[in-house]
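K.L.:
My questions will all concern the structure given below.
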């Protein structure tokens, strides 16, 4: 039995579009990122995406109610009424699932694995049992503590499009056994494989690999199945053979791995071919061989994780979001991206693949924060996390509650969700400016705030009833059912609804003074979420969620909505946003007919200083106006002070988010050593001041938009914005009846601000 919205209801939305963010840009981002290919080869339109997502999610509740004997005609009518209201508000961009939900909800793939509908994951690098999971060890048993667990879990989730946070603190990594033996690794491939004389030959030359060495004597030949699981199993064999068993020589046969360019039906996308896997296995084997007779350090376990990320980026998933969390006192880890050190030079090929953070505690000293601040000032890392605070608090206003969330050991890559080992980020998004807009126009009442909280909380809670691939995940979800109902457009909303800033100023102790109405509204919305979840859990005979709320960075979804991302300010009141397209992308013709400005990708200059252009890639310009650009209190990422940014993050941590608040805070670098030192001291002081309030954050130097040619964002004047808008002849959706499927691997806007997270 399938949950289906009535055709009569859907007919109201067919052929229509919402008020897309930033004119045509929101629609283009939707098409590139979340519109799936239909059976006839054309792309979904928004009304169809909303249908797929709504039916997929509400079908979970129908199945659960049938399972517990509560499904009846009255419940069916009640759920259908809710589904239609959910569809309407989603269609109009008032509420949306996260990117993963937009891409996966309602697909056959999501029925096979609930992992598909969750954005990110957390795992701890220590020996663990695979248990009753979809992946079975090739060497060792499912009931054995295996060193490879965190790496294989990471590989699996990255290949399914999720980001992963990995805890490599010494207390965990030190539980790993000593590397027992060196492994001689060989590769086999059928010479008739389509990639044999192409990508594989190139990879073999780079990595000094000889395929099909008939003189090699091997203890074990493993033929890699043509599946995600097959890739993970080959890595498990290579890693754990260094620690257990008797194999000293392995041969990996990649003959069955589909060649580059073939379609992937389940997850979607195009195959990379086996070359990235070959490189991954070679590098990981080398790392472990170099550590025979000793324990692998946090940095080198990090190297393995980062190489997994590189492999997945080279494969079907365009971006792999990774965060490594280490110890604040582990200088080798903290300085692992200092490439002026000779020992880090080779590893620069892969260490870019993760963001690195350290975990502080109540005992972390001002001196340690000063050392952190020095490193942050130089290269933007390490990021800041506080696992101890996450374990003992929800919303900060609710006080210290001893080990209320004691299983937390890691954060997701963007830092908005506090996670136990094996646990996912299950997110949702509420568009605050859109709610305000509809109320101001008289289309909706103030009750829309409560309704958005209600619908979003229930959507996310349903996702916890999906089938999950890993035993560790199933256990923690059944126990905790953690959610992340998020708010976006916060900076726009505060100006729209309250006609002023959320932070009114600071008292004599430099503590922020908040606008009382903002505090009251955030607090009330949190209570609505909590009450909704309590009643829903009772209805579905399951545990209520241990934590409920968050603020995620919200890149793509906020562009679709046309609002400021998460808690962040806009880059500027008026912008040019540049996006790259492959020249053969069907959208290119549409954008040219709309008269968007474009040029070929600029690749640099030749020896005579002539421009070099890539004629296979086109860069289109989209003019953008922030919704609150004309408000007298409008602030940009470049004008809002670092102190106020910390205060805004603390406000949301205190009154709204019981998980955490994702933030990338910007500071301005000095122009001399005295100014540099002043900024470093301010960073250290603010990190220390808010260590009992903020659970995670990252800091980066502010870069003026337009600082280099074809920069993704360029600040422009109001006059130029108006000129650029006048030249656009059509909205893109006016020219699209149906669009054939395409795969465009160029410059897709990241789901999270700054592109830290995967696009889907």
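The backbone N, Cα and C atoms fix where each Cβ goes, and this holds for glycine too.
Pasting the relevant annotations from TrEMBL:
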- 5-107: domain 'Ribonucleotide reductase alpha-helical' (DOMAIN)
- 120-425: disulfide bond (DISULFID)
- 183-288: domain 'B12-dependent ribonucleotide reductase insertion' (DOMAIN)
- 356-496: domain 'Ribonucleotide reductase large subunit C-terminal' (DOMAIN)
- 414: active site (ACT_SITE)
- 416: active site (ACT_SITE)
K.L.:
Among the recorded positions 414, 425, whose Cβ has the fewest other Cβ atoms within 10 Å?
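P.N.:
If we count Cβ atoms within 10 Å for the recorded positions 414, 425, the smallest count is at 425.
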K.L.:
Tally every other Cβ atom lying within 10 Å of the Cβ atom of residue 416 (active site).
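P.N.:
Step by step: centre on the Cβ of residue 416 (active site), count other Cβ atoms within 10 Å, giving 30.
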K.L.:
Which of the three DSSP-derived classes (helix, strand, coil) applies to residue 120 (disulfide bond)?
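P.N.:
Once the DSSP labels are grouped into three classes, residue 120 (disulfide bond) ends up as strand.
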K.L.:
Please report the distance from the Cα of residue 425 (disulfide bond) to the Cα of residue 416 (active site), rounded to the nearest angstrom.
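P.N.:
For residue 425 (disulfide bond) versus residue 416 (active site), the Cα atoms are 9 Å apart.
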K.L.:
Quick one: Cα separation, residue 416 (active site) versus residue 120 (disulfide bond), in Å?
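P.N.:
If we compare the Cα positions of residue 416 (active site) and residue 120 (disulfide bond), the gap is 10 Å.
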K.L.:
Looking only at the domain 'Ribonucleotide reductase alpha-helical' (5-107), what is the model's average confidence as pLDDT?
P.N.:
96
K.L.:
To the nearest Å, how far is the Cα of residue 120 (disulfide bond) from the Cα of residue 414 (active site)?
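P.N.:
It is 9 Å, counting Cα to Cα.
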K.L.:
Check the DSSP secondary structure of residue 425 (disulfide bond), expressed as helix, strand or coil.
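P.N.:
Looking at the DSSP assignment, residue 425 (disulfide bond) belongs to neither helix nor strand, so coil.
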K.L.:
Can you see whether DSSP assigns residue 416 (active site) to helix, strand or coil?
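P.N.:
Going by the DSSP assignment, residue 416 (active site) belongs to neither helix nor strand, so it counts as coil.
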K.L.:
Using DSSP, tally how many residues of the domain 'B12-dependent ribonucleotide reductase insertion' (183-288) sit in helix, strand and coil.
P.N.:
36 helix, 17 strand, 53 coil
K.L.:
Counting by DSSP secondary structure, give me helix, strand and coil numbers for the domain 'Ribonucleotide reductase alpha-helical' (5-107).
P.N.:
60 helix, 5 strand, 38 coil
